[in-house]
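K.L.:
So that we are looking at the same thing, I have put the structure below in structure tokens.
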Amino acid sequence: MENSKRSAAEKADFKRELTEVVPHLRAFARGLCGRPDMADDLVQETMLKAWAAQERFEPGTSMRAWTFVILRNAYLTDMRRNRFRGEYDEGVAERILTAPAGQEEPIHLSDMHRALLTLPPERREALLLVGAGGFSYEEAANICGCAVGTIKSRVGRARAALTSMLEDGDIPQRSIGDARAHRAILQELDDVAAGKGIATKV
Amino acid sequence: MNDNETPNQRHNADDGDTTVDQPEWADGLRQLYDSVVDEPLPDSFKDLLSKLDDKS
């Protein structure tokens with residue numbers, strides 16, 4: 001690594017900003033891969049990659065968007081190696097994803113998370129970025145390396161699917177374990193991966 | 001954290017005019033995300049961060 005080009009102060013700034021986005025990386029990773037332990041492994045991998053690639057980070061731009069690209073690509077790589085199979089730990093999710101007190105009609109966050117995990121990965125990530133992470137369509141398109149219209153379409157389809165599942169209470173328990181669904185997901189992953197370009201223009 | 005990077009682009013913001021097509025569960029999605037953001041950071045992350053400086 002040619003980190004020597006960066007001054008100590010710049011490296012300190014980078015580290016501070018990286019530290020600040022770690023909770024967001026954990027949230028994004030948890031949404032992507034479901035299992036908290038795997039999600040945290042993914043975040044640690046992302047932090048190491050980001051640190052090693054810090055020369056390519058342009059100070060003043062969004063650290064969150066930049067690191068999300070790295071996390072996303074690490075996730076796709078791991079998915080293709082079959083490390084994550086959308087395994088879902090009911091007990092853990094139930095415990096962690098409890099709705100804050102004061103909710104008028106409590107949303108069953110564990111149901112939502114399970115429904116989220118049944119979505120094809122590219123729709124899931126689009127919805128996570130826009131609907132949960134608060135990124136604009138443009139920012140999400142940059143992170144995913146695709147057109148803004150594509151992101152809008154993916155978010156729309158993801159929302160429609162979630163609405164249908166949550167309102168009908170029809171959330172597949174093990175749809176990702178289903179062989180047919182799994183094949184479809186892998187096929188879609190090929191399409192998603194085709195559009196990836198790590199941190200080249202973020 | 002960096003939540004104010006995109007103050008006008010938080011689609012779930014109370015007064016955002018992009019919320020018209022938000023389904024009822026939309027706020028839950030944000031809660032799902034925020035519930036993880038608000039978790040205390042496990043020690044393993046603090047350890048990793050403290051070791052980064054040696055990895056140059």
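Every residue, even glycine, has its Cβ placed from backbone N, Cα and C.
Found this in TrEMBL, in case it helps:
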type	residues	note
COMPBIAS	B:1-10	compositional bias 'Polar residues'
DOMAIN	B:22-56	domain 'Anti-sigma factor NepR'
REGION	B:1-23	region 'Disordered'
K.L.:
Just to be sure I understand, if DSSP states are collapsed into helix, strand and coil, how many residues of the domain 'Anti-sigma factor NepR' (B:22-56) fall in each?
P.N.:
24 helix, 0 strand, 11 coil
K.L.:
Need one number: mean pLDDT over the domain 'Anti-sigma factor NepR' (B:22-56).
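P.N.:
Here the predicted model's pLDDT, averaged over the domain 'Anti-sigma factor NepR' (B:22-56), is 86.
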